[in-house]
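According to TrEMBL:
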- G19, S25, I26, I98, K168: NAD(+) binding site (BINDING)
- A101: substrate binding site (BINDING)
- Y151: active site, proton acceptor (ACT_SITE)
- Y161: active site, proton acceptor (ACT_SITE)
Amino acid sequence: MTLQVQTPPLKGAKALVTGIANEHSIAYGCAKAFRDLGAELAITYAGEKAKPHVEPLAQALEAPIFMPLDASRQDELDAVFARIDREWGALDILVHSIAWAPKDDLQGGLLNCSAQGFAAAMDISCHSFVRMARLAAPLMKNGGTMFTMSYHGANKVVANYNVMGPVKAALEACARYLAFELGPQGVRVHAISPGPLKTRAASGLKDFDLLLTEAAARAPLGELVDIMDVGYTCAFLATPYARRVSGETLYVDGGVHIMA
Ligand SMILES: NC(=O)c1ccc[n+]([C@@H]2O[C@H](COP(=O)([O-])OP(=O)(O)OC[C@H]3O[C@@H](n4cnc5c(N)ncnc54)[C@H](O)[C@@H]3O)[C@@H](O)[C@H]2O)c1
């Protein structure tokens, strides 16, 4: 196989990145990596409180589309994809990097998780990816790549990950089923499973610093990952070099998940 790959490899690609809260966000690493490799960006922020933190990052990345997006609001989802359709007429890359659960439900253990808390965590952290995929797919006229962020706690029990474990397991399964359903139109779908990173979302987990210390100690590669490690992995998967890879849950964790 000979690939005719443009340089930079994502030149001209249009990417929607959701889930940037600040410069520590995994989504920011993705946006920066895509931009470094030539993509144009649409960036969203989750409400007015988040806007001042995200806006300077979107400006630095020269994102022509910058819009509010609360994943629980179908009107905001519709507005983002309608604008992309109007301005770009197409989309190549989607990043869903969003997770949320009510604090008491997140920190109280699965046994005590309320039905409402479980449903809210599942809706914002998992089904919102399906909603985004539904709107993104028609815009991926020449194929495309979709990403969502999972964690090792989907497949193994990680102390204090609690309700997010089952939610991420469902999310990884959604990525596989979407990969199956969208494969015929050339759309590839991946869950990415980063090792622990000190972000705002992670600060909601009890004893998160312990996870960081343990991951650094157990990683065959000997150190923690950073957001650019995750970003460049997604960028690679979005290029034609990875055109036959789909439905994967790809660990970007320095190898921690292979350890007993
Ligand atoms: N930090 C880690 O150690 C780690 C490891 C593996 C996976 N992840 C996953 O990576 C993803 C990104 O998290 P992060 O660590 O970069 O933290 P982060 O706090 O920077 O990002 C989480 C994002 O979710 C957004 N969000 C929450 N509720 C929302 C809603 N209703 N609508 C729209 N956006 C909403 C927040 O605004 C924020 O931008 C999450 O899915 C998380 O579970 C994180």
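The chain as shown is numbered from 1 upward.
Every residue gets a Cβ built from N, Cα and C, even glycine.
Because TrEMBL annotations are produced automatically, they should be read as predictions rather than curated entries.
Annotated features taken from TrEMBL, shown on the structure.
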residue: G19; record: NAD(+) binding site; contacts (Cβ under 8 Å, 6+ apart): S25, I26, A27, T44, V95, H96, S97, I98, M149
residue: A101; record: substrate binding site; contacts (Cβ under 8 Å, 6+ apart): G117, A120, A121, I124, S125, V163, M164, V167, G204
residue: Y151; record: active site, proton acceptor; contacts (Cβ under 8 Å, 6+ apart): V158, Y161, M164, K168, S193, P194
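For ligand 1, the neighbouring binding-site residues among S25, I26, A101 are S25, I26, by Cβ distance under 6 Å. Per-site Cβ counts within 10 Å over the binding-site residues I26, I98 peak at I26. Mapped onto three states, the DSSP output places I26 (NAD(+) binding site) in helix. Comment: NAD(+) site residues G19, S25, I26, I98, K168; largest CA to CA distance 18 Å, whole number.
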